[in-house]
Amino acid sequence: MAFIVTDLVECLTDSASMGMNLLATLTVVYGARHAASASTALHDHGSATSTRPGSDGSTRGGSHDADGNSIGSSGGGSGAASWIQAVALPVFGSFVLLAYRYFFRYFEMFLMIGLTIMAGSSFFSVAHPPFRWIERRCFGSHHTHGSLLSFVGTFVATVFVVARWLTTAHWAYTDALAMSTAVALIDSVRLPSARSATFLLVGFLLYDAFWVLILPFFVHDNVMADVAWQHATNPLSWLLHTTGFRLNLPPVSVPITLHVPSVELTHATAVLGLADIVLPALFAVYCLRCDAVLSRLHPPSPGPAPAAASRAIRARVYHLWHRLFPRAIVGYAAGLFAAMYASALFRAAQPVLLFVVPPMVLLPAMLARNQGQWGVFWNGALLHLALLHDSATLTDVTFNLSSQK
């Protein structure tokens with residue numbers, strides 16, 4: 001019993017574990033907010049043309065959701081698509097994992113050059129908004145050369161990070177490129193409902209458990225861990241050798257995993273794959289978009305000012321805890337810490353999604369159930385309601401869908 005407490009204290013004080021938890025959670029939060037804001041901008045831009053009034057003043061036909069998909073009256077068909085995704089994507093991921101593990105050396109350079117270009121472009125797209133914000137703060141929104149300055153600044157920063165990653169192979173530059181790639185992947189996918197998200201997460205949970213826990217008992221080879229720790233030949237060194245230059249550069253970690261070394265003398269390094277960040281973040285994006293719709297349905301009343309700062313803090317915490325997105329983030333962080341604690345306890349790699357998915361899905365689901373929004377949250381109808389402009393109609397439809405759960 002004492003070793004359980006000892007491992008818990010060790011995990012809480014380990015800089016690698018806590019640093020990885022912080023980096024992964026921040027990536028999920030930033031990626032979800034970035035994707036949700038882009039989806040909101042797309043919806044606002046297309047809301048004037050996606051719904052046209054009929055002869056009786058009602059909205060008919062041509063309705064599309066925020067993702068550009070056609071909306072039917074019943075929303076049918078999403079269940080079948082979800083089952084196909086839940087089965088097909090983990091199976092496809094298994095083939096990719098095996099190909100990466102056993103045939104990586106045959107297409108190493110092509111893959112590394114492609115990943116370098118993808119990681120660099122992802123870093124540019126993620127770093128450009130902060131540079132635009134700095135430009136507006138310094139020069140104002142009407143500065144004629146602002147766009148050029150922010151573009152040049154982002155380009156220089158991207159070249160610097162990619163060059164430092166190729167020449168030093170430092171974990172910080174690898175993580176910067178990997179986190180940018182994760183944000184770009186989160187921004188490129190939209191899930192239409194909590195049902196689709198749950199099926200997808202459960203499918204990859206079984207995939208993760210099979211490759212990390214079940215298969216090593218039979219073949220005594222952890223393919224997932226080997227892929228996570230695999231290094232590749234430096235693509236810059238290969239390109240220089242093809243042109244006749246001889247420059248020995250260190251091998252680099254592929255920017256599909258996060259690496260956080262410990263500052264203690266244990267020389268331990270925490271490793272986390274991008275799939276353990278991107279897949280939960282897709283569900284977090286859906287929760288954040290649902291929160292945006294619910295805030296339009298039921299805007300919070302200002303009420304009297306709190307008498308003390310402590311009351312204001314408690315009110316703020318209470319308000320956040322009664323929203324879907326903060327609950328999903330708390331569930332993700334708690335599950336990720338549980339996975340790291342299990343890894344320290346059993347001295348072996350653990351399937352992260354096995355620990356992350358249950359709390360991350362259950363906490364928002366319990367809130368939606370308690371608030372009477374389970375039906376529209378589960379089948380995705382809550383996001384479809386955002387297309388309606390009349391708040392009264394929006395409330396009526398929400399009540400009707402909730403009563404049919």
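Cβ atoms here come from the backbone N, Cα and C positions, even for glycine.
Fair warning: this is a prediction, and the values are worked out from it, not measured in the lab.
Summarising the annotation, TrEMBL assigns region 'Disordered' to 41-73. Per TrEMBL, compositional bias 'Polar residues' is recorded for 47-58. The transmembrane segment annotation in TrEMBL covers 83-103, 109-127, 148-166, 198-219, 268-288, 324-342.
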If we skip the immediate neighbours and take only residues 6+ beyond the ends of the transmembrane segment (198-219), which ones have a Cβ under 8 Å from one of its Cβ atoms? 82-83, 85-87, 89-90, 93-94, 97, 191, 225, 275-276, 279-280, 282-283, 349-354, 357, 360-361
Per the Cβ under 8 Å criterion, with at least 6 residues separating them from its ends, the transmembrane segment (324-342) contacts 7-8, 11, 17, 20-21, 24-25, 28-29, 32, 270, 276, 280, 283-284, 287-288, 290-291, 294, 350-352, 354-364, 367-368, 377
With Cβ-Cβ distances below 8 Å as the criterion, list the same-chain residues six or more beyond the ends of the transmembrane segment (268-288) that contact it, or say none. 14, 16-17, 19-20, 24, 27-29, 31-33, 35-36, 39, 93, 171, 178, 181-182, 185-186, 189-191, 193-194, 197-198, 200-201, 204, 208, 224, 228-229, 256-262, 324-325, 327-329, 332, 336, 340, 352-353, 356-357, 360-361, 364, 383
Below 8 angstroms Cβ to Cβ, which residues of this chain, lying six or more residues outside the transmembrane segment (83-103), approach it? 196, 199-200, 202-204, 206-207, 211, 223-224, 226-227, 230, 275
